[in-house]
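Colleague: Sharing the features that TrEMBL gives for it:
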type	residues	note
BINDING	Cys109, His151, His155	Fe cation binding site
ACT_SITE	Glu152	active site
Amino acid sequence: MKFLNILKYPDPALRIKAQNVSEDELKNISKFAKYLAYTMYKAEGVGLASTQVGINKRIIVIDISKKFDENYESFLKNQDILFLNKNLIIAINPEIIYKEGKITHEEGCLSVPEFNADIERSNIIKVKALGLDGKEFITEADGILSIAFQHEIDHLDGILFIDKVSPLKRTLYNAKLKKLKIKEKVH
Ligand SMILES: [Zn+2]
């Protein structure tokens with residue numbers, strides 16, 4: 001299994017809008033989807049979008065169950081276990097087709113280290129997407145799962161959750177990042 005490099009804010013590649021996966025590409029995407037899921041579990045995230053690893057095709061993986069250890073041990077033995085995990089969602093060309101209500105929750109992101117913020121999103125959503133088998137599915141989500149879908153689909157459009165916080169919070173985070181970088185250079 002391959003751990004993919006996760007791009008970090010403010011990398012400009014995180015701003016590229018991803019393209020739909022074509023029918024031809026779908027046939028060859030399964031290996032990449034596995035790597036993407038593996039990378040998400042290993043980084044202990046609940047979701048990861050292809051944009052975050054520098055691939056500009058619309059693919060997201062989500063698992064909000066947070067059973068990292070159990071999954072991780074299994075991967076090392078058998079990578080196919082990954083796809084037997086019923087908590088893992090792989091969505092290709094995902095689209096939000098319905099939104100209802102509001103929910104505010106503290107979010108974090110593997111591409112925006114050491115930063116958390118309350119973000120308001122839709123509470124109930126319906127997502128239309130393709131599975132790895134190329135078949136279309138529609139799923140309804142609320143709460144954390146709904147938030148995860150919206151957060152990951154935003155990534156595919158080049159949007160980060162930090163874009164949704166107040167300018168002051170963003171400025172403070174940018175200053176913190178600068179300090180961290182200076183520290184890295186000194187040591
Ligand atoms: Zn993210």
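Every residue gets a Cβ built from N, Cα and C, even glycine.
Quick one: how deep are these features, and who are their neighbours?
Modeller: The secondary structure of His151 (Fe cation binding site), as reduced to three states from DSSP, is helical.
A sphere of 10 angstroms centred on the C-beta of Glu152 (active site) encloses 26 other C-beta atoms.
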Colleague: Near His151 (Fe cation binding site), how many other Cβ atoms are within 10 Å of its Cβ?
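Modeller: Other Cβ atoms within 10 Å of His151 (Fe cation binding site): 23.
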Colleague: According to DSSP, does Cys109 (Fe cation binding site) fall in a helix, a strand, or coil?
Modeller: strand
Colleague: Out of Cys109, His155, which of these binding-site residues shows the lowest number of other CB atoms within 10 Å of its CB?
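Modeller: Selected from the binding-site residues Cys109, His155 on minimum Cβ neighbours within 10 Å: His155.
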